[in-house]
Amino acid sequence: MLLSDVVEASQGVRATSSRKNKINIFAELLKRAAPQELAQVVAWLSGDLSQGRIGTGWRTLTTLDIESARSPTLSVNDVDEFFGELAEVGGSGSAARRQELLGALFGAATKDEHDFLLRLLTGEMRQGALTAIVAEAVAVAFAVPIATVRRAHMLSGRLPVTALAARTGGVEALEAFRLEVGRPIQPMLASPGATLEEAMAEFDGQASVEHKMDGARIQVHRDGDTVWVFTRTLRDITASVPELVDVVRKLDCASVVLDGETLALNDSGRPRPFQETMSRFGATTARELLLHPYFFDCLHLDGADLLDAPLRDRREALTKVACGLSIPALIAPGPEAAAEYFDGALAAGHEGIMIKSLDAPYAAGRRGRSWQKIKPTHTLDLIVLGAEWGYGRRTGYLSNLHLGARDPEGGGPIMVGKTFKGLTDALLHWQTAEFPRHERERDGNTVHLYPELVVEIALDGVQTSPRYPGGVALRFARVVRYRPDKEPHQADTIDAIRALLPGTK
Ligand code: AMP
């Protein structure tokens, strides 16, 4: 199979908004891949490399000015070999050697292939949504039920391995995957819930109501004295978190698999900002920020697999093995107790609560309804500072908005984020027609505006940011509507935004 076949499928998928079409395009490609190519193709389509992350700083290396090949000749296996060689480059002279290898690879690639390889190497293609589509394509291509593919993917932790099993051994091979202590599984995810009341009603009150902590997901495995710690993306970080390893080693059991969240705490026991936990996660030496684990699920205990057991039983196992380390939770509370708990969680600096069905098994691969996250939604009225020309479906439209908060001291608006989420086609049309009337200047892809328009933005919260001039950035901002009834001097101030930083309440 040629690389160009993969690139074409990837382009086809980007060009259609129909989920069904996307799945069929990928499925056709997977059917055509030979068994020894399948793992690579599946990894690439989901934005991953079989070799894992290979080196960093691609941006600079990839500014290489190389003439593209006229016609495609690179095969999937050729490219995989290149990646294998790149992954092995190390030691002195490695930058030059990498540059040489990349030069050879890009020199043999057409323009479209070059773009695809760049996005793959820089991790720009990696999106959870893509993995879910590739999983469905595996089911279609090899005529196996999607639920079986998802479960095998959850247990193997790797979609390429799952795809190969589906191709070579069908349902039987997929069903042979088991939870293995030491091998991470795909974590279960949550869906946004509408309100606390609705979620509680959906589960008939039979729910575990838990703090939703804003840290980093961890999955710990222990077999005897051996402990592993994995991240949400199943990266093994055992060596960089000795304090977590110690805690798990002290638990009173022979083998266990726990799912949880880890946080860096400040001296008074309040959670520190999300980025501080994350930077501690990446560090290999710095130990000054100690991580504390909060477990919320037990997937295996002393030889017994609990994935198919209801949460009620898994929580019982959790309490038995790690009582003092479990996340605060209320089991099947009444409506008033649940509401009070929600307020308490926010007051303690957490981002919201999780409501989980006590009857549901552990299921990964897709955001299901059995776990629902409830967060307070904030909305802010912000000033539109400019917009970027869109791409793909939005080509020719002014799309990604630059958003500013008001300076209470009377200075110009202060940029706090960007978003193109929530923009309907009607709004895109309107923006593209309206913005030139407010245009101050253009540079590159951006049209800068005079501060005249106010837009209402919903967000999940804010975080400190060295990139933005006010030191804060919006998290998951999306457009609710324009506010023609508001003048820029009535927009929210940078102080109002800073007040939303965790721990400032
Ligand atoms: P989100 O990333 O917004 O979809 O929320 C899900 C994430 O919240 C999980 O992946 C965990 O990292 C985190 N989380 C925090 N507290 C809990 C909890 N009590 N139960 C499950 N996940 C939690």
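Here the Cβ of each residue, glycine as well, is placed from N, Cα and C on the backbone.
What TrEMBL says about this one:
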ACT_SITE  Lys212  active site, N6-AMP-lysine intermediate
BINDING   Glu210, Arg217, Arg232, Glu261, Phe296, Arg367, Lys373  ATP binding site
DOMAIN    294-407  domain 'ATP-dependent DNA ligase family profile'
Those residues of the chain, 6+ apart, with a Cβ under 8 Å from that of Glu210 (ATP binding site): Phe296, Ile327, Pro328, Ala329, Leu330, Ile353, Met354, Ile355, Lys356
Number of helical, extended and coil residues in the domain 'ATP-dependent DNA ligase family profile' (294-407), per DSSP: 31 helix, 51 strand, 32 coil
Site of maximum Cβ density within 10 Å, from recorded positions Lys212, Arg217: Lys212
Cα separation, the residue listed as 'active site, N6-AMP-lysine intermediate' to Glu261 (ATP binding site) (Å, whole number): 9
Binding-site residues (Arg232, Lys373), the one with most neighbouring Cβ atoms at 10 Å: Lys373
Surrounding CB atoms that lie within 10 Å of the CB of Glu261 (ATP binding site), all protein chains: 23
For Arg217 (ATP binding site): DSSP state (helix, strand, coil): strand
Per DSSP, three-state class assigned to Arg232 (ATP binding site): coil
Cβ neighbour count within 10 Å of Phe296 (ATP binding site): 24
Segment-level pLDDT (mean, integer) for the domain 'ATP-dependent DNA ligase family profile' (294-407): 91
Cα separation, the residue listed as 'active site, N6-AMP-lysine intermediate' to Arg232 (ATP binding site) (Å, whole number): 16
